[in-house]
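First the structure, in the form of structure tokens, and then the observations on it.
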Amino acid sequence: MNELQDFAIGQRWLSDTESELGLGVLVDVDERTISILFPKSDETRVYARANAPLSRILFKQGDWFTDQEGQEWQVENAENVHGVMRYNVVCPNGEQRKSMNETRLGANIQLARPLDRLLASQIESKEWYDLRIEALLMQSRMAISPLRGLLGPRVGLIPHQLYIAHEVGRRLAPRVLLADEVGLGKTIEAGLIIHQQLQTGRSERILILVPDSLQYQWMIEMRRRFNLQFSLFDLTRTASIKEHDEDTNPFLTEQCIIASIDLLLDHDDLKQQALDAGFDLLVIDEAHHLTWHEDPETGEGVGNDRYDLVAEFAAQTPGVLLLTATPEQLGVDSHFARLRLLDPQRFDTLDHFLDEEAQYSQTAQIAEVLMSDEPLTEQHQEILVELLGHEVEQDGEARYRAINELLDRHGTGRILFRNTREAISGFPGRDCIPAALPAPAHWPLTGKLREQMWFEETQLDGAWMEHDARLPWLMDILRKDLKHKKVLLIARSGPVVESLETALRIHGGIRTAMFHEGMSLLERDQAAAYFAEEGYGAQILLCSEIGSEGRNFQFASDLILFDLPANPDVLEQRIGRLDRIGQQNRIQIHVPYFVGTAQERMFRWYNEALNIFSNISPTAQTLQENHIVALKDCLLNDPSQEGQGEAFEALLEQVNAERMALEDELQAGRDRLLEFNSCRPKVAARIVKALEDQDEQNPLPDFMTRFLAATNIDFEEQSDGTLIVRPSDQMQVEGLLLDEEGMTATFSREQAQQREDAQYITLEHPFTNSIFEMIHTQSFGNTSVAVLKSAAIPQGSLMMEMWFRVEVIAPKVLNLAASLPQQLIRVLLNENGQDLSAKINSAMLHPYVHRLDMSNARQVVKLRREVIEERYKQAEQLAKAQVQSFSETARKRYNDRLQQEIDRLTYLKEHNPSIREDELERLKEQQAQGVQLLEQLSMVPDSIRVMVAMK
Ligand SMILES: Nc1ncnc2c1ncn2[C@@H]1O[C@H](COP(=O)(O)OP(=O)(O)OP(=O)(O)O)[C@@H](O)[C@H]1O
């Protein structure tokens, strides 16, 4: 078999990465894409023509194949007719000859049967055989592992993230709002979910829409941490695709795409094409920009353009992840509307939502009791009967189950995840360092708030700097206290940042970098990199407000707020650039303000009323909204005027008291419940432990070094434990994902996080997968003849070990293989046909098996051919019988597993309308389809080893 590059309809192709789909037929081809129908699994896939992971299947004279009716034929000769092969074939008894197109080939394809190879003296080395079996065993364990999709990512094991990933990543078509507080790892959670969805085949086409300033960061994060190659679609990219072919839909040329949401907002044609292309999973970052409100007059909902755009996509995409650290930033209306995007049936009207919110407190209170050691009183039991329909026993287990039941019925429980810093330890904390400066002589003390707060923004030429005390103050601290520090400065506007940067660089001789909306994306990323550079990098990065979202600057711990934003959530986003996972030091927040101006009052509002600098404040946004009118009054009016000063002091005091009361209330109430739902500590701890165990007992390092040595791939162990792996001229295998220039590899999670230049090699890394895939699809090590050193067995007699793979040909999305009791069957027979499979396992046999030189090995096969064939037939029969029982077990398991889920959802649906009807329907369909497909397991002979007993 070999590859032909020209495509023609009717050709047969096999997926390199998913051979279980069976043999596909090319059904459509155009300039950029090809479509392959896989009849066995009834799926059509569209691939980019340039890099389709497919192999053309061709047969040569003497090869055997099976046609669509299951009839076997041997090829006598073949000719190429307009790109499609026409085979002249003969049936096994030679009585019938005919000519048929390759289109008539059956979809089940068997590559290089091990027995045929063995009998043809194609004998492989003992090392290769051992490696093959180890790889198959690792792969089959992975297929049924609950950790699938969580092993590969280069991330630290952070419980709340793993909990969410585990909970959401396994869902079919997950639709959730990831709303952890700023900097707790929502991008990582989304990446973990995406990774699981892709690994298990639940999603294949993914679209990530982000603000344009975050596109590269997302692309890099997906590649660096998850080994996922997302393509960045901007105007240049889409235009260049269209240049080649006007009619191509660019969104069909790749499976995983990142684009700026503005690109689709500004270009209707692209938006339409993205909609037409269709995706399995949609991810929206910074989702607080999607806003919505109910028109008080008409009662109609009105969304902004972003909301409407996402609503269109969300309506036709099965999976949707929305990410925001500040879900209620723009009010409860928008929060409700975003939940409605995810589940329109459940969140039907705003009023209904508000009513329900009001009732959560009862649920929260009783959940609190259940979580504590407090005994359940009669009164508690009454509430529980009302909420759950039954009483709850006092023991821990029953209480835990009851909490789960409550959580399942809690309104947003299944779709909203919000972890807070309070619940997650390890953040070093923050200090506020105010700098009270004299106001410039003509600073406005009356008039518009905009001018009283940010007068510099009205002077685009930078003239304000001449009299602004913040500039000398800034130069001074950068030269003294912050001399050897990395400093992030954020101001609201681009022009202000530009003027400041020029002044610091030219007049202050300070190494600066800048980041604002007037710069190209590339320039911004370069600036961020210059700032991150140790040693010679910039001392200060000056950002406009766009730098306050999503970026990672936790290597710095000094933040200068050159001005204060109008909104507490925006302020939290700013601080969040530094106050993130990975921050090692207490964060120093420097806040200059002009004494006696609105700036001072704003500072005091944030500091004394909302207490936002020293702690993330979950109530700040709501409090500000509630007091916005009084606050505006106080900000606008000079406190030295009569009565104003007292009014402001009173407001600060009142709101501070309210804040503390509200925080106490939240503490006692609903947020604890939401927190518990967002991370159930026991479950999270179990996942972390399982991953730690896997890291500790990882079989991969040993396997990999032996594999590299056995296949002549160059590798060198470094003193720090990393490996440098390079392809060599003598390399004995093909098809591995290894670049010409090679790679630095590490197997250690810890090292992988420090050494980003090193590939983190895991069971899910593309390189490992390419080895497994090569083994799966090629004959690597699938025959072996060895010596069995044992005095207990008659000398010269044979023992045979044969492996068969059990495969389900089905759409990957059903994940049926996970229900098989095993994916491999091993049969061990002695020469007389005694079945020793159960008695002697591989590990027991291993120490007794030794190499046999090739010429003796060939002799053995030649002389003992009959016995070998006989035992092989027997093994096949034994394996077939097992496959039958596997099929029954798998059907029962699959059916039961889905039935449990269906029962749970049906039951919950009676109590909690947050269960979507289509979720239930989908499960039922999946159950029926899966059970049916599991009836037809196929058994593929994988490998064979003949052992000769010698002393
Ligand atoms: N499990 C992890 N292992 C290693 N690094 C992590 C992990 N989780 C988060 N980080 C790092 O912490 C920082 C914050 O993570 P991330 O950007 O995902 O947070 P976020 O919640 O999306 O932030 P924001 O609210 O600012 O958008 C990032 O630099 C990320 O790389």
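Glycine too: its Cβ is placed from the backbone N, Cα and C atoms.
Pulled from TrEMBL, these are the features on record:
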type    : residues                                                       : note
DOMAIN  : 167-345                                                        : domain 'Helicase ATP-binding'
BINDING : ASP180, GLU181, VAL182, GLY183, LEU184, GLY185, LYS186, THR187 : ATP binding site
MOTIF   : 285-288                                                        : motif 'DEAH box'
DOMAIN  : 470-640                                                        : domain 'Helicase C-terminal'
COILED  : 645-672                                                        : coiled coil
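Taking Cβ pairs closer than 8 Å, the motif 'DEAH box' (285-288) reaches residues 177, 186-187, 190, 208-211, 214, 218, 310, 322-327, 329-330, 334, 338, 549-550, 569 in its own chain, all 6 or more past its ends. Cβ neighbour count for VAL182 (ATP binding site): 22 (other Cβ atoms within 10 Å of its Cβ, all protein chains included). Taken through DSSP, the motif 'DEAH box' (285-288) splits into 2 helix, 0 strand, 2 coil. The binding-site residues in question are ASP180, THR187, and the one with the fewest Cβ neighbours inside 10 Å is THR187. In sequence order, LEU178, ALA179, ASP180, ASP285, LEU323, THR324, ALA325 are the residues near LYS186 (ATP binding site), counting only same-chain partners six or more apart with C-beta under 8 A.
Summary of the ATP site environment: with the site residues ASP180, GLU181, VAL182, GLY183, LEU184, GLY185, LYS186, THR187 set aside, the chain residues having Cβ atoms within 8 Å of the Cβ mean position are GLU189, ALA325, ASN419, GLY576, ARG580, ILE581. The Cβ neighbour count for LEU184 (ATP binding site), using a 10 Å radius and every protein chain shown, is 26. The DSSP secondary structure for THR187 (ATP binding site) is helix.
If you draw a 10 Å sphere around the CB of GLY183 (ATP binding site), it holds 24 other CB atoms from the protein chains shown.
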